[in-house]
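To start, the structure under review is shown below, and the notes come after it.
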Amino acid sequence: MEKLVRLCLMGPLFLLVGLLPLVMGGHNYGDALSKSILFFEAQRSGYLPSSQRIRWRGHSGLNDGKSVGVNLVGGYYDAGDNVKFGLPMAFTVTMMSWSVIEYGKQLAASGELGHALDAIKWGTDYLIKAHPEPYVFYGEVGDGNTDHYCWQRPEDMTTSRQAYRIDPSNPGSDLAGETAAAMAAASMVFRRYNPSYANTLLSHAYQLFDFADKYRGKYDSSITVAQKYYRSVSGYADELLWGAAWLYKATNNQYYLNYLGKNGDALGGTGWGMTQFGWDVKYAGVQTLVAKFLMGGRAGQHASVFGKYQEKAEFFMCSCLGKGSRNVQKTPGGLIYLQSWNNLQFVTSASFLMTVYSDYLTSARKTLKCASGNVQPSEMLRFAQSQVDYILGDNPRATSYMVGYGNNYPRQVHHRGSSIVSIKVNPSFVTCRGGYATWFSRKASDPNLLVGAIVGGPDAYDNFADERDNYEQTEPATYNNAPLLGLLARLHAGHSGYNQLLPVNLPSPRSKPAPRYFKPKTAPKYKQIAVVQKMSASWVSGGKTYYRYSTVVTNKSWKTLRNLRISITKLYGPLWGLAKYGKSYVLPAWNRSLAPGKSIEFHYIHSASPAYVSVLSYTLT
């Protein structure tokens, strides 16, 4: 669990245009991705399902909420303890959801999308329970002080399970705002797979944001037992903007766009230039989302204000790269370093923001202009990859800080469940203090492998002590792993042939890896293909009007269409939804054929009239 965080001051930044290709490295990102998702199953509280893959865990916390008459069974333990802290849990759900929203296709291609959805839903199911009334939210179950006095498996715990809540008399805008963000982001994830559940999540998001905005106050002033562990140093202004940004992204409701525009200055979105992003400080995340709205032509009348948000987003990116006016510290081995306690949480979250922002810039055909010079999007992505590679073992100690990945990884993790023999192996009760004497002080590897856990990580000089009592370095946390879901999926996919500025269209959880594209055979029968174009959006940037065009190609025959080749001329901007094939275009690798009556849509953006689109050849089978 976490201590305090620091705020850093704002700085200047600028913007430019261009892009470069990316070359991926040699780590097995697919294996790391699978392991990183598996970690969340070890953190589950409540009744474990039959599909549970971490078999050394058992049911726990089965009476949570009973004392207050609310069912609070379920959710996640935050780190190596047995407390359920609402603020980091909600942030974890938000970041897992953001990972799926941005890189759902890549997760599907890796075969992990279904597991990612399960991990998100385990969190949102609990958050729904914790919100029994519009202006009531239970933000903590358990007490960190009594919990830390004991070293017990979650299945054995005898510590307090008191539930703590916020309400109009005891507000918590940061907690309610973050949970609204989590619910809104998750609603986007489940919109296709479970529309009814998505509507439920959105209903909770609306209520929680209204609660956060109407009854303002810091949650740790109401739930004071959280102050020692998850104190809200940044206050609640960033969470109000964060919640609004996610509600706008999930609903396109103009109210939330206006909220961002009208409150950007007052709540610090346009003023704070940060060098960290995490469970407490959300400004860099808000600024990244708002910059995406701006680059996607969705800022409307707030373009000038959103430009200020984007300046601060780019201040963050330049600072991480070491090319800004105020740069983050790095270890001799090149790792971002912000604090001694669980530093890797900031590394994974910053790397995620760098990755999505590099893809936003690539989609918009722009580059980053830092104080020390211009930066191509591909350089940002390479930097994020270097941070992931460091975590996976490319560091001076040749240590993987992901448990179970590689050959040299932490064996004495500061984690109650993994350090004590499984209750399924030895059901003998582990007492509160007896756990410390028998298991905590044991100088041996954990009896249970906490697969996929990202521990706190090395110090400022790349040093690391694999010792259970070294909690600053060996304790894992859910919010360390959450940004990695999207980041590892992106690196595993190894390409950037998709547009992050277009609406999200998630694939099936059971999607298979995309097949290779084979050279087409031509058989001209062009009259059986319909091509319809329309303008889908327009906006003004830099005094020039840009248009987004949508083109729908429909198979009007009664046979399956394959090997389609399309000619596109008078095109002066980026195009998404087709693959380049010589001087023509073909269907993308994930959709190489069209069944009878089916269509495929592609988009392009430029500041001119529609391009000329014509069919060169295709086959019908």
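A Cβ is built for glycine as well, from the same backbone N, Cα and C atoms used for every other residue.
TrEMBL annotations: computationally assigned, not manually curated.
According to TrEMBL, the protein has these features:
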- 1-25: signal peptide (SIGNAL)
- H414: active site (ACT_SITE)
- D466: active site (ACT_SITE)
- E475: active site (ACT_SITE)
- 529-609: domain 'Carbohydrate binding' (DOMAIN)
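H414 (active site) sits 5 Å from E475 (active site), taking the C-alpha atoms as the reference points. Each of the active-site residues H414, D466 was scored by the number of other CB atoms within 10 A of its CB, and the lowest score belongs to D466. D466 (active site) sits 10 Å from E475 (active site), taking the Cα positions as reference.
A 10 Å cutoff on Cβ-Cβ distances gives E475 (active site) a total of 23 other Cβ atoms nearby, all chains included. Counting residues of the domain 'Carbohydrate binding' (529-609) by DSSP class, helix then strand then coil, yields 0 helix, 52 strand, 29 coil. Averaged across the domain 'Carbohydrate binding' (529-609), the predicted model reaches a pLDDT of 79.
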